[in-house]
Amino acid sequence: MSDLKIALTHADAREERTVTTGTKAWELFQDDPSVIAARVNGALRDLAHELADGDQVEPVAIDSPDGHDILRHSTAHVMAQAVQQLFPDAKLGIGPPVENGFYYDFDVDTPFNPADLDKIETAMRKIIKEGQRFSRRVTTDADAISELRDEPYKIELIGLKGSGASTGSTTEAVEGASVEVGAGELTIYDNIRRNGDVAWSDLCRGPHLPTTKRIPAFKLMRTAAAYWRGNEKNKQLQRIYGTAWESKDALEEHLHRIEEAERRDHRKLGRDLDLFSFPDEIGSGLPVFHPKGGVIKRVMEDYVRQRHVEEGFEYVGTPHIAKEGLFYTSGHLPYYGEAMFPPLDVDGMDYRLKAMNCPMHNLIFRSRQRSYRELPLRLFEFGHVYRHEKSGVIHGLTRVRGFAQDDSHSYVTKEQAPAEIKHLLDFCLGLFRDFGLDDFYLELSTRDDSKPDKFIGSDEDWAVATKVLEDVCIASGLELVPDPGGAAYYGPKVSVQARDAIGRTWQMSTIQYDFNQPSADRFDLHYTAADGSRQQPVMIHSAKFGSIERFIGVLVEHYAGAFPPWLAPVQVQAIPIAERHNDYLYDVAKRMQAQGLRVEVDDSDDRMQKKIRNAQLLKVPFMMIAGDDDVAAGAVSFRYRDGRQDNGVPLDEAIRRVADAVASREQV
C-alpha cells in the first residue's frame with residue numbers, strides 16, 4: 001500500500017496527515033460519534049467515501065446545518081422504506097430535507113390518516129433498531145431504469161437528469177428533485193441488513209448517515225396533498241412531513257416551538273381578536289381588515305409615512321392598473337409575467353393590475369427635466385399591488401394576492417449609491433427596532449451566471465452593483481449570508497432577515513440596485529450633471545416591510561397578539577363595577593380620547609371579573625376599574641395586562657401612565 005497525504009480541517013485547525021491507500025473518511029473520525037459525514041474538497045460525502053491523495057477533508061457534525069440535512073434525508077429514506085413495507089403498492093415521488101424536517105411524496109390509492117402515521121413510525125423504529133447500512137452505488141441510466149421499472153416517477157427523474165427538471169415545477173420541487181438526480185453520475189442507495197441482504201433501495205445522490213441507528217430522534221408530523229413536481233397539471237400525490245433531530249431533547253425543543261408557533265398563529269389570533277378575515281366571497285389571498293385591525297394598519301402606515309418624510313422621501317400616488325406596454329418597457333414582462341394577473345381588455349387595449357410600483361415612479365421622475373442638484377430624489381408610496389400567487393402557497397397575511405407595499409425608489413448618481421444604500425439600510429433597521437424587532441442578519445442575492453436568460457445587464461454592471469451592496473452589508477457589522485441566484489432580473493439585492501420572539505426568521509426589507517430600468521433601452525431616465533452633460537441615474541428600490549399586511553401578520557405572531565400600547569387597537573378598557581359608575585368612566589374616556597388615546601368602556605351587564613377576563617382575552621394593555629371610592633376620590637384602580645394592579649390611582653397619574661407608555665413605543 002502506498003501513502004496518501006491529506007489535509008484535515010477540524011475546529012478551525014488544519015492538520016496534515018499521511019494515510020494509506022483505501023482509507024475511508026470514517027477512519028479519521030472514529031473517536032467523534034457526532035461526525036456523520038465529511039466534506040471532501042468542498043463536496044459532502046458519506047463516511048464510507050474512499051480518500052485520495054491531496055484531499056481536503058472536514059468533518060460534518062450531526063448538529064450542524066449540513067448534518068441536519070443529511071440526518072433528515074436519511075430519515076426520509078427510512079420513512080419511504082416503512083411506507084412501502086406497509087403499503088406495497090405505494091409509488092415513490094421525491095423525499096428531500098427541508099427547513100426543520102423532511103418530506104416524501106407517495107402515489108397511493110387512499111390518503112394517509114393519523115393511524116397510518118402511527119404504523120409508519122412503528123415500522124421506522126424497527127428499521128432504525130436494525131442498524132441497516134446506507135450503501136452508495138453508481139449506476140447507468142439504462143440499469144437504473146430497468147431496476148426501477150415499477151417506479152414511474154423515478155424513471156421520469158432519470159429522464160430529466162441534467163436538464164434542470166424545472167419546466168412547470170416549483171422551486172421546492174426542483175430542489176427536491178436535485179437531491180435524487182443531477183448533472184453528475186447517477187447513484188442508488190441501498191439499505192443493507194447486517195446479513196448483507198438489500199432491504200430497500202432508492203434513487204439518490206446522497207450523502208447519507210452510515211447506518212439507520214444513527215437516527216437519534218424523529219417524528220412524523222402531518223400529511224398533505226402535493227402535485228408531482230409542484231405542477232398543478234400533474235397528478236396529486238400524498239406527502240408525509242416529518243422532522244428529525246440530533247437528540248431527543250432537541251426534538252422536544254422543536255415540538256415545543258411548533259406548539260408556541262401554533263399558539264401565536266396570526267390567522268387564529270386575527271379571528272379571536274377580531275382583526276381581519278378572509279371571506280370566501282372575495283377570494284383566496286385577499287384579506288379584509290375589521291375596525292380593530294384597521295386601527296393597527298392605520299397606526300403603522302401613519303408612522304411609516306411620517307418616518308419616510310423625516311428621511312427625505314416625497315409621498316406620491318399611482319393607479320392600480322396600467323397599460324400592458326408599461327410593463328414591457330420595465331422588463332417585468334416577460335421576466336415577471338407568471339406573477340402578474342392576466343390582462344384586462346379596456347376599450348380594445350390590454351391593461352394589467354400592477355404587481356409593482358417602480359414603472360410608475362420612473363414616469364414621475366421622467367415627467368420633467370432633472371438636475372443633479374435634485375439627487376438623491378426619493379419617491380415613496382403605499383402602493384397597492386397584486387400578485388398571481390398559486391392557491392397552494394397562500395398563507396394568511398404572510399402570503400397574499402393583494403397587498404399594500406411600502407415602496408420607495410431613490411434616484412441617485414453612481415457616486416451617491418453607496419451612501420444611499422447605507423442610508424436605506426440604517427432606516428430599515430431603525431424602523432424594525434421601533435416595532436420591537438432587533439435581531440437581524442442580511443442576505444445578499446446575486447445572479448445565477450449559469451442562467452443568463454433570466455437576468456439582464458452587462459457583467460460589469462452586475463459586478464459593480466453587487467460590490468456596492470456587499471461593501472455596505474459588511475460595513476454594517478451584521479452577519480451576511482450569500483443567496484446566489486436569488487437576485488431580481490434587473491439587479492442584485494440585499495434583504496433584512498429578522499428573527500421574532502420564538503426565533504423564527506422572516507424576510508423583511510429588500511434593497512435592490514437597479515441599473516437597467518433607467519437605461520436608454522427601458523425608461524431612458526437622465527439628469528443634467530454639473531458639467532451640463534446628460535447622465536443616467538442609478539435607481540435603488542426599497543420596501544421596508546415588503547408588505548404592510550405581511551408585517552402585521554409577523555407582528556401578531558411576534559407579540560402573540562399582545563401589542564405594545566402604541567399599536568394596540570384598544571389601549572385602555574374602562575370597567576365600571578356597577579352601572580352607576582358608567583358615567584364617571586365615560587367622562588374619563590372622553591378626556592383620554594381628547595389626547596388621542598384609544599379607550600372603550602365595558603358597560604355590559606357582566607360581572608366585574610368577567611369584564612376583566614374579557615379584556616385579558618382581547619389582550620388590552622391597561623384597564624381602569626372604578627367603584628364608589630374611586631368616583632369619590634377622582635381615581636381608578638389601574639390594572640396592567642399581566643395582572644398587576646394599583647388601587648386608588650389619581651386620574652391625572654393614570655392617564656399620564658398610559659400616555660407615557662404609548663409615547664415610548666415600548667412593550668408593557
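The backbone N, Cα and C atoms fix where each Cβ goes, glycine too.
Copied from Swiss-Prot, the annotated features are:
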type	residues	note
DOMAIN	1-61	domain 'TGS'
REGION	265-564	region 'Catalytic'
BINDING	CYS358, HIS409, HIS541	Zn(2+) binding site
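Where Swiss-Prot records a feature, it is marked here on the structure.
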{"residue": "CYS358", "record": "Zn(2+) binding site", "CB count, 10 Å": "23"}
{"residue": "HIS409", "record": "Zn(2+) binding site", "CB count, 10 Å": "25"}
{"residue": "HIS541", "record": "Zn(2+) binding site", "CB count, 10 Å": "23"}
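Note on the region 'Catalytic' (265-564): its mean pLDDT in the predicted model is 94.
According to its DSSP assignment, CYS358 (Zn(2+) binding site) is helical. For the Zn(2+) site, the Cβ centre of CYS358, HIS409, HIS541 serves as reference, and the other residues of the chain with Cβ at most 8 Å from it are MET356, ASN357, HIS361, ASN362, ASP407, SER408, GLN512, ASP514, GLN517, MET539, ILE540, SER542. According to DSSP, HIS541 (Zn(2+) binding site) is assigned to a strand segment.
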